[in-house]
Amino acid sequence: MPLITSTQMFKDAKKGKYAIGAFNVNNMEIIQGIVEAAKEEQSPLILQVSAGARKYASPVYLKKLVEAAVEDSGLDIVLHLDHGEDFEICKACIDDGFTSVMIDGSKYPFEENIALTKKVVEYAHSKGVVVEAELGRLAGIEDAVNVSEKEATFTDPDQAVEFVERTGVDSLAIAIGTSHGAYKFKGEPRLDFERLEKITNLLPNTPLVLHGASTVLPEFVKACNEYGGEIPGAQGVPEDMIRQAAKLGVCKVNIDTDLRLAMTAAVRKFLVENPSVFDPRKYLGPAREAIKGMVQHKIKNVLGSSNKLK
Ligand SMILES: O=C(CO)COP(=O)(O)O
Ligand SMILES: O=C[C@H](O)COP(=O)(O)O
Ligand SMILES: [Zn+2]
Ligand SMILES: [Zn+2]
């Protein structure tokens, strides 16, 4: 079973009006938890690696861990670079065997974003790798860059059409009100579904990607706060909104914060309840289980990708 591209996966998802989870991975326990969940649910799966993850774990460790997951699980998995910030990192990942890369030129003016994305698309396609790009800008924290609410901009539907036509990109990340991190809304959660619908109607064959799509599960926030953490007021995208986004053309849903919260809640709880234990396996085991349970819930009850493996 190999690493695969997302091309067929996205076609099926778009047609079936469900979404594929793209989960950020940083170490072995995170990978194992996610992959076990996807296997039990017989769900297609995207594992994504950020520049920060490559720096933390080293590129070779992460690549080999994902290869181990493919071998051990027998699943076909997409290995994707998340938020590639320049041509060089995209090229490095493509040369390294990634099957999908994101070039995130969203901080640049429109024409520069197009030129950069086009350059990555040309190289990636010559190697059989698919490309995600971003138009519009999400608020929140991303690789140590904090985009303020003021700097954030929603995706312009007409620009999206021009962007996809001129770059030849395979999928497009859009900004409709989600943001990275655990503090997504101050008041009532609100996403611009009208905008999403418009983009989908104008680009019926382009898989859309929703970044900043963690739901920030209250049970994990509560456990973190109960066991010594301090994350008051954390709030994510309600599950119903993710379901609706999938119905309206979103094929890829990016999830990192929920993994972090699940893992941290489990570790905090274990260490508080077992103060004399110092064997990392004893607290990383429950952390892996928490990730598995959370991912399984998402696949089954939110993304709708259970039993969609071909
Ligand atoms: O978009 C993401 C990764 O690219 C993750 O978003 P969250 O912070 O909502 O998990
Ligand atoms: O979008 C950002 C992801 O959550 C990755 O975060 P990171 O850059 O801290 O690894
Ligand atoms: Zn971005
Ligand atoms: Zn993102």
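Counting begins at 1 with the first residue displayed.
Note that Cβ sites are derived from N, Cα and C of the backbone, with glycine treated the same way.
Given the structure is predicted, the values throughout are model-derived calculations rather than measurements.
Residues or ranges marked as active site, proton donor by TrEMBL: ASP82. Contacts of ASP82 (active site, proton donor) defined by a Cβ separation under 8 A and a same-chain sequence distance of 6+ are given as ALA22, ASN24, GLN48, VAL49, SER50, ALA53, MET102, ASN254, in order along the sequence.
According to TrEMBL, the feature Zn(2+) 1 binding site maps to HIS83, HIS180, HIS211. Following the DSSP three-state reduction, the secondary structure of HIS180 (Zn(2+) 1 binding site) is strand.
The Cβ neighbour count for ASP104 (Zn(2+) 2 binding site), using a 10 Å radius and every protein chain shown, is 27. Look at TrEMBL and you will find ASP104, GLU134 tagged as Zn(2+) 2 binding site.
The dihydroxyacetone phosphate binding site annotation in TrEMBL covers GLY181, GLY212, ALA213, SER214, ASN254, ILE255, ASP256, THR257. Listed in sequence order, the residues of the same chain lying 6 or more apart from SER214 (dihydroxyacetone phosphate binding site) and placing their CB within less than 8 Å of its CB are ALA182, LYS184, GLY236, VAL237, ILE255, ASP256, THR257, ASP258, LEU261.
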Spatial separation of GLY212 (dihydroxyacetone phosphate binding site) from GLU134 (Zn(2+) 2 binding site) - C-alpha basis, Å:
13
In the chain carrying HIS211 (Zn(2+) 1 binding site), residues 6 or more apart in sequence that have Cβ under 8 angstroms from it:
GLU134, LEU138, ALA173, ALA175, THR178, HIS180, ASN254
Can you give me the residues near the recorded dihydroxyacetone phosphate site, meaning same chain, not GLY181, GLY212, ALA213, SER214, ASN254, ILE255, ASP256, THR257 themselves, Cβ no more than 8 Å from the center of the site's Cβ atoms?
ASN24, THR178, HIS180, HIS211, GLY236, ASP258
Hey, of ASP104, GLY181, GLY212, ALA213, which of those binding-site residues are within 10 Å of HIS83 (Zn(2+) 1 binding site), Cα to Cα?
ASP104
So of all those binding-site residues, GLY181, GLY212, ALA213, which one's Cα sits nearest to ASP104 (Zn(2+) 2 binding site)?
GLY212
Under 6 Å from ligand 3 by Cβ, which recorded positions from ASP82, HIS180, GLY181, ALA213, ASN254, ILE255?
none
Which binding-site residues from the set HIS211, ALA213, ASN254 have a C-beta atom lying less than 6 Å away from ligand 4?
HIS211, ASN254
